[in-house]
Amino acid sequence: MSDNPTIAPKIVVVGAGAFGTALAAVAAASANANVTLLSRREEVAEECRRTGRNERALPGIALPAGLGFSSEAAALAGADIVLFAMPSQEHRAAAQQYGTAIGADATIVTCAKGMEQSTGRLLTELLAEELPGHRIGVLSGPGFAADIAKGLPTAMVVAAPDMAVATELAEALSGPTFRLYPSTDRIGVQLGGALKNVLAIACGIVEGAGLGDSARAALISRGLAEMSRFIAARGGEADTVRGLSGLGDLVLTATSHQSRNLRFGIALGKNGRADGRGAELVEGAFAASVAARVAGDLGIEMPITEAVAAIIDGKLDVRTALEQLMSRPITQE
């Protein structure tokens, strides 16, 4: 990032989906940065330039006049901050595609909530492999794209290797209606974002199956315990789960029908079993199988996550999974 605080940082958001567009809009609206939204498709960039909107991703929302649009990797030249806002499973390919265009001094921030399915890598780990030498951060927490883009009050977390970098990122990306809290727990912040998607699917299953609000409350509370164990086992801070990137994001995603993960779970609950449709569209479907596999390798128990993974994979139906969860040995909370 720029060493001169009087110079507005250059920010490039890679990925013109709903969340990337929203982040670019809120950063541009703050008037404290030079912001470009980089789409991998020229027709999307051209539509945004021509109409001042991204109707494919955020219909009906006008974008700030100062926001730039591009489909060329050259837009990354001189960027101080690069936000990777594409889905988690596309991060490695994007890093390989754009890596040579990103300057050595740029700080790279992943804004996706997942893990790489094939390796179980956290996205910061993946980016560090593909883009060595860069400072790598993560932005996560409870924020729907439409809310952010509409200027509704939203608070999230940005984590980086040290607090100075995290604070710089928070100051550069925050605006009047968008507040970022700095953190150094990249592991905890990432896993909170990834695992809450799995638990949102579980809560959706409960809702779709008509199992009641008490069951949802149990899933949220016991799910937080699973998240805490997993974060600690992966080297993060267990207490991070109590903050915005853990509890905050879980409550939002597990209770709002804006959540794709919740809606996917509701469909599973209504059907009673997986039907092979929709799993490729939700981050939680990838995270469930990865987290269950890694938990086994780490020797930690994650029964809710394992049940969700088994339901999505078609190995269990909802009723059998519920019976197995409810018949587990009684232990102290």
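Including glycine, each Cβ sits where the backbone N, Cα and C put it.
Noted in Swiss-Prot for the protein shown:
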type     : residues                                                    : note
BINDING  : Phe19, Arg40, Arg41, Lys113, Ala145, Arg260, Val282, Glu283 : NADPH binding site
BINDING  : Lys113, Gly141, Lys196, Asp249, Ser259, Arg260, Asn261      : sn-glycerol 3-phosphate binding site
ACT_SITE : Lys196                                                      : active site, proton acceptor
(message) I need the nearest neighbour of Val282 (NADPH binding site) among the binding-site residues Gly141, Asp249, Ser259, Asn261, using C-alpha distances.
(response) Asn261
(message) Below 8 Å Cβ to Cβ and six or more residues apart, same chain only. Which residues does that give for Phe19 (NADPH binding site)?
(response) Ala85, Cys111, Ala145, Ile148
(message) Assuming the binding residues for NADPH are exactly those in the record, Phe19, Arg40, Arg41, Lys113, Ala145, Arg260, Val282, Glu283, what is the maximum CA-CA distance in angstrom, rounded?
(response) 24
(message) If I take the alpha carbons of Ser259 (sn-glycerol 3-phosphate binding site) and Glu283 (NADPH binding site), what is the distance between them in whole Å?
(response) 11
(message) Between Arg41, Arg260, which of the binding-site residues has its C-beta surrounded by the fewest other C-beta atoms within 10 Å?
(response) Arg41
(request) Report the nearest neighbour of Asn261 (sn-glycerol 3-phosphate binding site) in space among the binding-site residues Arg40, Arg41, Lys113, Glu283, comparing Cα positions. (result) Glu283
(request) May I ask for the distance between Arg41 (NADPH binding site) and Asp249 (sn-glycerol 3-phosphate binding site), taken between their Cα atoms and rounded to an integer number of Å? (result) 30
